[in-house]
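According to TrEMBL:
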type	residues	note
ACT_SITE	A:TYR131	active site, proton donor/acceptor
ACT_SITE	A:LYS159	active site, schiff-base intermediate with substrate
BINDING	A:THR44	pyruvate binding site
2 protein chains.
Amino acid sequence: MFTGLSAFPLTPLIQDTVDEKAFAALIDRLAAAEVHSIGVLGSTGSYMYLDREERRRTVELAVRQAQGVPVMAGIGALRTRDVLRLADDAQRAGAAAVLLAPVSYQPLTDEEVYALYAQVSRHLSVPLCVYDNPRTTRFAFGDELHARIAELPQVRSVKLPGVPDDAAQARVRVEALRALLPDAMRIGVSGDRLGAAGLLAGCDVWYSVLGGLFPTACLDIVRSAQAGDAEKALRLSAELAPIWALFERHGSVRAAAAIAIRQGWMDASGLPLPLKPAALPEIRHIAPLLDRLG
Amino acid sequence: MFTGLSAFPLTPLIQDTVDEKAFAALIDRLAAAEVHSIGVLGSTGSYMYLDREERRRTVELAVRQAQGVPVMAGIGALRTRDVLRLADDAQRAGAAAVLLAPVSYQPLTDEEVYALYAQVSRHLSVPLCVYDNPRTTRFAFGDELHARIAELPQVRSVKLPGVPDDAAQARVRVEALRALLPDAMRIGVSGDRLGAAGLLAGCDVWYSVLGGLFPTACLDIVRSAQAGDAEKALRLSAELAPIWALFERHGSVRAAAAIAIRQGWMDASGLPLPLKPAALPEIRHIAPLLDRLG
């Protein structure tokens, strides 16, 4: 489950409720492209903005539409009680794995984060992916903590926020982390502009926002990297540079939303307020690229 | 309403549910001490960890126990839809004011934050206090944004995260901000170790965590500052230095919880997991100080 391309779709809203039709259509595209897994309710899927029923329903819909592609569901919440409830809901709805970030309001200590993963992992019957995203959680994992958490039951993957830009340094980084983790742990890269670099550096899986919009283009990158064609993987990724710049400037959820709105896949009110999509004039500049991808 | 001592109590839990008896007893202490206002569901009151019904009930209980002392309620949430619902609930429960922080998961832009305050303030019939707390919200207000938000209807106070340590610099800071804000705006200081300094620098109100535990000691500081006795206000504050150090080291909510547990005012399971109170051995070191205050 934790290999290849894991595509992270938006959860489109329309007038402040989940647009189930638009969401189902996004999942259809991913299933048709045969991505290796689908990660619903990630940061791009607005999980922290949706209530329990919206999240339950979203997982249920994704599993129904995914045509057998395994679905991983984000279960992060500020309070452990709520994480446990969301874990139950996701498992009942058919999620094949769960994704858990140490979301915080009060900055968390290492001990608090370890205890959270210990309690949740004991409670699970499906695999768990550790979601390391300091930009949104404001928690910085150290490698020692990653190694301790990786020993817990059900913990099978880690979603890293990126790898170093330099190829040699990226490989050193991934190898150093792998040496600390149990063999069964699958290492994933995110931060889409680093997807190709991460896979070439030895990551097992690319947890990808753009994969949730343009799965075929991202699968081309994954297949090139897996075949050892570094030159092609990096060239395909570099062709998407205007999109990576947009992600960088506005955050990937706002950029992905602006693209989905432009493509007609999501209503203009598709993000949960107070979040607003990136401004459309910027999207117009990359219209030819989007037309080719879409 | 936005003057003097605004005391911010904990919301004690017991085995993961709100301990209404313990909470009512905390409010009783504040009402008996005649604090100028009570700020429930602040960061110390764990607002971001409680669900809508827990929050509604907490405001209701506070208003009932407050013996006429005005109650301000935190209404922050990640999603604007939820902020509006919490505003309705707080007003119906009798809150005299609301406190709103630009809570984030995805880091917010200035425009998103302004639009949030604009939408919520239009919706309110009670005054609003802008909660500027970059440590928990990860949003950094600029003065220009403070000034724009202060022009919105119902916006009447701002809760600053602190003032400069140096007395002259603190006064310059408060005067510079006041010059940008409408006359009716009340400027509040928080970060308890800076309470005395803030009042002496010209702040109207001290939004105080320790005030939620030891209102009498904090009122002594406020009255000294208001009477212009800077020496006494600063001396009283300095006597609490071991407590400020504990706040600094563990975050004020964990320190306040450890104190409340030690005083027998809250169960050891009083914070919402994954949060844990500061370790009790550290509290033992300041036992004589706590005995004197309690």
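Using N, Cα and C of the backbone, Cβ positions are placed for all residues, glycine too.
Listed in sequence order, A:PHE8, A:PRO9, A:LEU10, A:VAL209, A:GLY212, A:SER252, A:VAL253, A:ALA256 are the same-chain residues at least 6 apart in sequence whose CB falls under 8 Å from the CB of A:THR44 (pyruvate binding site). The residue listed as 'active site, proton donor/acceptor' falls within a strand segment according to DSSP. Neighbour density for the residue listed as 'active site, schiff-base intermediate with substrate': within 10 A of its CB lie 27 other CB atoms from the protein chains shown. Between the C-alpha atoms of A:TYR131 (active site, proton donor/acceptor) and A:LYS159 (active site, schiff-base intermediate with substrate), the distance comes to 5 Å.
Following the DSSP three-state reduction, the secondary structure of A:LYS159 (active site, schiff-base intermediate with substrate) is strand. When secondary structure is read from DSSP and collapsed to three states, A:THR44 (pyruvate binding site) falls in the coil class.
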